[in-house]
Amino acid sequence: MSTLLDTITCPADLKKIPRDQLPALAEEIRAFLLETVSRTGGHLASNLGVVELSIALHYCFDSPTDRFVWDVGHQAYTHKILTGRRDRFHTQRQYGGISGFPKRSESSHDAFDTGHSSTSISAGLGMAMARELRGGSNKVVAVIGDGSMTGGIAFEALNQAGHLKKNLIVVLNDNEMSISPNVGAFSSFVSRKLTGSYFRELKKEVQGLLQNIPAIGKDILQFARRAENSLKGFLTPGMLFEALGFDYIGPIQGHNLPQLLEVFENARGLDGPVVVHVMTTKGKGYVPAETNPSAFHGVGPFDVATGKTTGSKPGAASYTGIFGDTLAQLARENEKIVAITAAMPDGTGLTGFAKEFPERFFDVGIAEQHAVTFAAGLAAEGFRPVTAIYSTFLQRAYDQVFHDVCLQNLPVVFALDRGGVVGDDGPTHHGVFDLSYLRHLPGMTLMAPKDENELRHMLKTAVSHDGPIALRYPRGAGCGIPLDQELREIPIGTGEILAEGDDVAIIAIGITVLPALEAARTLAEKGIRATVINARFVKPLDREMILQAARRTGCIITAEENALQGGFGSAVLELLADEGMTGVRVKRLGIPDRFVEQGPQPQLRADLGIDAAGIAAATEAFLAAKGAPAPALSMVK
């Protein structure tokens with residue numbers, strides 16, 4: 001049986017559907033989202049909440065001529081379905097499939113790549129300015145969630161947009177704030193009617209007449225404007241946006257399609273920047289997601305009937321969970337330890353800490369720059385702040401790490417979760433640059449554990465260290481090894497030798513250490529004897545251990561789940577060069593100079609050649625070429 005959704009291959013097809021049938025289309029899309037995401041995993045709650053909003057935008061605007069910029073982008077599933085990607089939607093976030101985020105290389109309807117938060121208004125304003133410079137007339141719409149509005153860049157963009165007065169529509173998708181029904185209903189009515197073309201033309205005519213009345217006309221006009229502003233401020237929460245120079249419409253019921261269509265059609269005709277404030281419900285239409293939207297923010301495969309995860313068995317505890325438990329253990333012994341996160345208490349494993357130590361836990365919102373400098377302030381006053389943040393998001397606070405932490409040598413701990421490849425979220429979320437961008441900062445100590453037990457000891461080391469220190473660990477389950485109950489400090493800058501051999505030294509860091517050890521066993525079966533070193537520290541390196549291995553073998557393989565440029569392997573090369581050991585052959589294994597796409601972590605590691613099989617094969621091939629002439633300190637990638 002054909003459905004409304006079956007008739008849509010592009011936004012033009014959507015516009016052929018009668019308005020009174022759009023609510024039925026919304027329900028079909030929700031059913032499709034549940035069916036596919038329950039099998040593939042993905043971001044569910046946020047997408048269920050913006051179905052009507054996405055339909056209304058594509059119904060009232062003309063993509064791709066009109067530009068849509070989706071902040072963060074994980075809520076763009078309906079947008080993708082309506083723009084010709086329904087037949088490939090079952091591949092979203094899968095290896096070789098379509099992205100879970102907007103991607104310009106994927107569709108002309110994806111106007112701007114997103115993945116990190118709070119960028120949409122800045123990008124949209126840039127597009128609006130480009131339109132003005134070209135003499136164009138297309139519309140630009142930035143869709144941003146209330147959570148992303150906690151990011152400073154969003155307000156920086158609002159400030160300039162209000163100053164420039166260019167046509168830009170900002171849709172504030174508010175799924176958290178509670179507005180009482182009466183005020184919300186009346187305000188929706190006022191916003192729809194007072195922004196209609198008839199009212200605005202009438203308003204202009206009245207203003208013109210008042211200005212021409214001798215003596216008192218201008219005074220009456222000023223009084224009328226004050227009255228209008230006071231009324232709107234009383235009726236709506238839009239005073240901030242209006243103070244920044246925006247027209248404000250809302251709040252609007254975000255699941256009422258007739259209302260959304262009317263408002264967006266009115267907004268199209270406004271001159272200057274405008275904010276359309278839309279109230280939505282995360283998880284709309286699926287009770288488990290509405291009840292617990294956080295649990296259905298990012299999900300794996302699940303049973304639609306029960307909402308319970310399927311296809312996975314309980315395994316080893318995650319690195320994230322062990323980090324959170326260990327930090328709480330340390331905090332019981334040291335009242336100076338405080339925890340900071342940027343809107344990710346669940347994702348960084350700090351919910352338990354927050355419950356046990358609510359006065360020592362700080363969720364600063366999506367404000368990574370503030371999180372780092374806030375931590376610096378706490379450290380300056382004698383506390384031991386632990387800033388738990390995804391590796392990819394710390395990039396947003398680089399200047400604060402330099403200026404506010406390292407320059408003052410303050411004891412801030414950076415707990416970098418999701419270090420390395422993260423899997424299905426792809427290039428915007430892989431944490432593969434931290435070893436490079438932190439290593440060269442003076443005073444920074446940088447370490448990565450080989451397993452979850454070493455993570456615990458490294459965290460103990462970090463909170464005891466007098467200076468900035470970063471600890472990076474991967475996404476996912478640990479190795480399932482027993483955990484030491486007594487925590488100990490690891491001497492700064494010390495590695496450990498896990499295996500000894502004279503043919504080659506494999507020096508690995510973090511998640512690549514155990515694969516390196518497994519690779520050594522494979523090589524041993526072929527008569528190749530390898531020394532395996534768990535470096536533990538990227539900065540400072542265990543100089544003597546590495547130099548001794550270089551002297552012993554004359555041949556070094558480095559392994560890391562980080563960009564090769566400026567990473568761990570580069571640090572080893574620099575050490576050898578500084579010591580004049582130009583006869584040592586070096587091959588670096590890691591992430592080449594490209595962005596890594598989405599896919600299961602094991603698949604990505606295999607593709608990059610940093611799993612056990614890849615390390616063994618690269619080592620064997622490198623040794624086979626050992627007799628051939630090679631430049632000193634060969635930087636083979």
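Even glycines carry a Cβ here, placed using N, Cα and C.
Sequence-distant neighbours of GLU368 (thiamine diphosphate binding site) (same chain, 6+ apart, CB under 8 A from its CB) are ALA342, ILE389, PHE393, LEU394, ARG396, ALA397. DSSP assigns GLU368 (thiamine diphosphate binding site) to a helix. The thiamine diphosphate binding site feature in Swiss-Prot is assigned to HIS74, GLY115, HIS116, SER117, GLY147, SER148, ASN175, TYR286, GLU368; the stated evidence is sequence analysis.
Within 10 Å of the Cβ of ASP146 (Mg(2+) binding site) there are 15 other Cβ atoms, across all protein chains. Taken from Swiss-Prot, the feature Mg(2+) binding site covers ASP146, ASN175.
On the backbone, the CA of HIS116 (thiamine diphosphate binding site) and the CA of ASP146 (Mg(2+) binding site) stand 14 Å apart. Summarising the environment of ASN175 (thiamine diphosphate binding site), the number of other Cβ atoms within 10 Å of its Cβ, over all protein chains shown, is 21. The number of other CB atoms found within 10 A of the CB of HIS74 (thiamine diphosphate binding site), across every protein chain shown, is 25. Counted over all residue pairs in HIS74, GLY115, HIS116, SER117, GLY147, SER148, ASN175, TYR286, GLU368, the record's binders of thiamine diphosphate, the longest Cα to Cα distance measures 32 angstrom. Distance from the CA of ASP146 (Mg(2+) binding site) to the CA of HIS74 (thiamine diphosphate binding site) is 14 Å. Least packed by the Cβ count within 10 Å, out of the binding-site residues HIS116, GLY147, is GLY147.
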